[in-house]
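J.: Here's the feature list from TrEMBL:
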| type | residues | note |
| --- | --- | --- |
| ACT_SITE | A:76 | active site, charge relay system |
| ACT_SITE | A:168 | active site, charge relay system |
| ACT_SITE | A:192 | active site, acyl-ester intermediate |
| DOMAIN | A:22-485 | domain 'Amidase' |
């Protein structure tokens with residue numbers, strides 16, 4: 001039941017084959033059984049059951065609110081929720097209960113969706129592993145499949161060789177992958193939704209900048225942040241996008257959706273009308289052989305199906321990491337200035353002076369990663385440095401955006417790229433490097449998209465030789481999210497990617513993949 | 001309002017008087033000592049004239065923060081109110097709760113454009129917002145949203161006039177360039193409790209829209225700066241873009257001051273922050289000019305620093321270090337798209353709702369008559385003196401009152417101006433009332449003036465009635481005249497009776513008159529008027545007296 005798509009489970013709810021309360025209860029049980037994943041920071045059990053009951057009342061009256069009515073979902077713990085703690089996985093906001101709800105969360109609730117919990121992340125979404133939050137790292141559910149264990153002899157002990165989810169929205173990805181949520185919201189600033197989506201084998205969309213409201217999303221980099229959508233199918237993602245998109249008067253950067261059509265996905269899609277670009281600069285150092293193989297395989301598949309596939313060039317790609325780093329630090333330094341312990345959040349006991357209170361509050365409240373970025377950002381913004389760093393980065397950002405514009409105006413509809421360099425690393429390997437180096441390595445395929453404000457989606461394509469998911473990324477034109485999803489939908493249908501299979505829920509036992517469906521595993 | 005107006009007038013008065021003295025006693029030694037303690041531009045100059053070295057002059061530029069008169073704040077929907085209970089007008093955005101975003105208030109943009117137009121500015125059809133960072137307890141976000149790179153209005157001018165001369169009846173006209181007008185957020189307020197070593201924060205003001213009007217260093221002394229400020233205040237009030245009450249902080253002034261020898265590059269400047277009345281602006285600037293001259297003359301150097309004006313001592317003092325050198329780490333505000341305003345309906349692009357667009361030509365068409373134009377008009381239209389036009393236009397609401405009286409009475413404007421400026425304003429000032437609080441309405445005053453004009457009452461009687469009207473506004477003018485028995489006596493028999501009585505009492509005077517000294521007739525008339533309490537119709541009276549004494 002939990003591995004059904006939203007479309008399927010929604011039909012079951014309407015037909016009365018299943019009640020929303022039963023569905024919600026199952027998800028809550030699942031959360032408890034998968035607690036070792038550390039996917040959730042808070043579980044909103046009471047609220048969820050109440051919402052589910054309301055959904056059932058509507059179903060009984062035959063008046064469901066829409067395709068998401070009664071569907072359990074979770075959100076990254078950097079979306080504000082009225083009366084529900086919102087921590088950003090930071091000491092700074094521990095115990096902080098916002099007085100308002102983020103627009104995108106409210107929209108889901110207004111559609112009858114049932115909030116089951118708030119998911120784990122890197123502190124203030126700064127990271128690519130979901131390992132750097134105060135609540136500890138998130139574990140990738142695929143670490144616990146028998147396939148992974150048989151392929152990795154050291155993984156016999158489930159507590160030693162588990163793999164990371166990627167990040168920073170790792171909790172949301174783990175929640176969807178481990179079947180405790182049908183849908184989850186992440187946030188995506190440099191790849192934070194797509195990266196864990198890819199490593200956890202779920203569909204993860206970073207919409208066009210301006211399509212979804214950021215009101216209530218605690219910012220990382222305002223000019224790049226977008227709420228991300230994670231689900232187990234492109235169709236489910238499309239349904240959700242349709243609900244969430246549109247102008248929000250509380251976010252002045254939102255834009256009008258060009259003629260929203262009735263259906264979430266176009267009906268008349270023909271892959272033969274599509275031109276797929278393959279950027280040559282994305283053959284980056286560190287790209288694993290397995291992922292490269294998948295990239296080539298899928299590109300060939302498009303070609304065989306009649307799509308035009310061509311190599312394209314995005315020459316400024318190599319500068320995106322450093323450009324992102326400067327802009328990110330600057331906005332972080334600015335955005336984090338409000339956390340001074342006066343209005344809300346952590347406040348230090350040191351009150352010898354206002355300055356001392358600020359300093360110790362901020363020292364105690366933020367982890368090293370956040371503090372380093374604040375320090376760098378303030379350095380870049382100093383009057384004598386501004387032109388050398390911030391201005392240069394802004395110029396580079398325009399050049400990167402221009403690269404994409406040129407490629408798209410040459411007739412390319414979507415770009416096909418890897419999402420990550422490889423499948424998920426073990427936690428043990430991952431923490432060998434510091435956060436800054438890891439982010440720089442892990443986000444190279446995803447960051448340029450954020451700099452340009454484009455939509456991009458990762459779709460799981462196969463399992464790696466280690467039995468872990470591999471995903472590929474499709475990048476679309478600005479505000480052409482629906483068309484992008486149409487291509488992704490076609491691609492997904494060719495893939496036959498296995499869901500995590502739940503063996504026997506009552507035993508609460510290990511998850512296994514359906515080995516029968518792993519035809520492409522080599 | 002009233003307080004700052006009268007304060008301003010006092011400044012002008014003070015300076016003008018001293019200037020006269022300067023002219024008379026050119027550089028008298030004793031005089032210098034005396035002006036030394038009172039600090040005025042005029043005195044400074046006279047002191048310097050005594051020196052053999054070429055004269056140093058002050059250079060002054062003002063930066064004025066004007067709170068935009070709007071129902072809600074610049075980027076949030078919380079209300080704007082001066083005396084509301086602490087922290088009662090604070091939205092989630094104002095308190096900088098994470099996840100909140102700024103939403104620009106169109107009314108504030110319109111106010112800035114309107115003000116820009118009134119100050120002859122070029123309106124930038126595309127302007128940008130920036131973040132200015134500093135840590136302060138009453139700045140909850142840790143940054144202020146302002147317009148550092150591209151402000152909404154640039155390259156304007158403020159034209160202003162003020163009265164000089166012995167009788168304050170000579171008009172001096174000046175123009176100061178306005179560099180820019182930028183939109184920005186106000187901060188909250190901190191209240192320091194030193195005894196308990198705590199700071200209380202009130203965020204009601206946090207996020208209120210400000211227009212920062214930045215002027216070029218085109219002024220030379222406190223008097224001029226105060227006059228410019230006063231004119232700007234009037235313009236803003238006329239436009240309705242700022243209430244301009246300095247006591248409530250709706251208008252706050254920073255003055256940049258330096259001194260130099262004319263023709264040489266500008267000297268190092270200091271900034272005197274947050275001066276809260278026009279009078280203090282004049283005093284702070286003149287003090288600071290004199291201080292800098294002294295520093296330089298004694299071989300020192302002026303430090304580029306921020307200073308505060310202490311109104312008790314009349315001195316400026318350096319502010320604490322943290323207020324000094326700061327790197328504000330400016331950055332574009334990423335949550336606000338560029339601010340577009342349009343020349344007119346035709347230039348609004350597709351996709352922008354014209355109902356929500358700010359249109360320059362529409363705002364231009366709605367500009368009210370500005371004070372300078374109004375003064376010229378009333379002088380020409382009513383034939384009144386320049387100094388009267390200043391009082392009429394500068395006092396909030398007085399011109400309206402005056403024009404209503406003019407409309408309702410047969411008396412000529414030139415003749416009735418004194419009634420409005422002396423009698424009415426005198427009474428109002430005495431009781432510290434605003435014009436719209438006047439117990440005597442323009443119509444009632446007009447009725448009184450009609451009675452005077454028609455000869456029904458005398459001028460002195462009219463003054464008595466006016467005071468009674470003030471005390472008993474519910475009574476009509478006729479009623480009061482009747483009750484006080486102040487109507488002119490035009491009855492011939494009654495007049496003869498009174499004259500006879502007076503002649504009987506002063507046979508000596510009668511004799512002199514009959515002896516041919518007609519001058520004494522006037523004295524006799526005075527006695528009769530006294531007897532009749534000023535009620536005798538003067539025209540009739542003279543005829544009767546002439547008859548009776550001949």
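Our numbering is plain: 1 for the first residue shown, then up by one each step along the chain.
Positions of Cβ are set from backbone N, Cα and C atoms, glycine also.
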J.: Could you give the Cα-Cα distance between residue A:168 (active site, charge relay system) and residue A:192 (active site, acyl-ester intermediate), in whole Å?
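T.: Cα-Cα, rounded: 5 Å.
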J.: By a simple count, how many Cβ atoms lie within 10 Å of the Cβ of residue A:76 (active site, charge relay system), its own Cβ left out?
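T.: Around residue A:76 (active site, charge relay system), other Cβ atoms within 10 Å: 33.
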J.: Measure the Cβ-based neighbour count of residue A:192 (active site, acyl-ester intermediate), defined as the other Cβ atoms within 10 Å of its Cβ.
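T.: Step by step: centre on the Cβ of residue A:192 (active site, acyl-ester intermediate), count other Cβ atoms within 10 Å, giving 37.
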J.: Please report the distance from the Cα of residue A:76 (active site, charge relay system) to the Cα of residue A:192 (active site, acyl-ester intermediate), rounded to the nearest angstrom.
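T.: Counting only the Cα atoms, the answer is 11 Å.
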J.: Which number gives the other C-beta atoms within 10 angstroms of the C-beta of residue A:168 (active site, charge relay system), all protein chains shown included?
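T.: For residue A:168 (active site, charge relay system), the 10 Å Cβ neighbour count is 38.
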J.: What three-state secondary structure does DSSP assign to residue A:76 (active site, charge relay system)?
T.: strand
J.: Can you give the mean pLDDT for the domain 'Amidase' (A:22-485), rounded to a whole number?
T.: 95
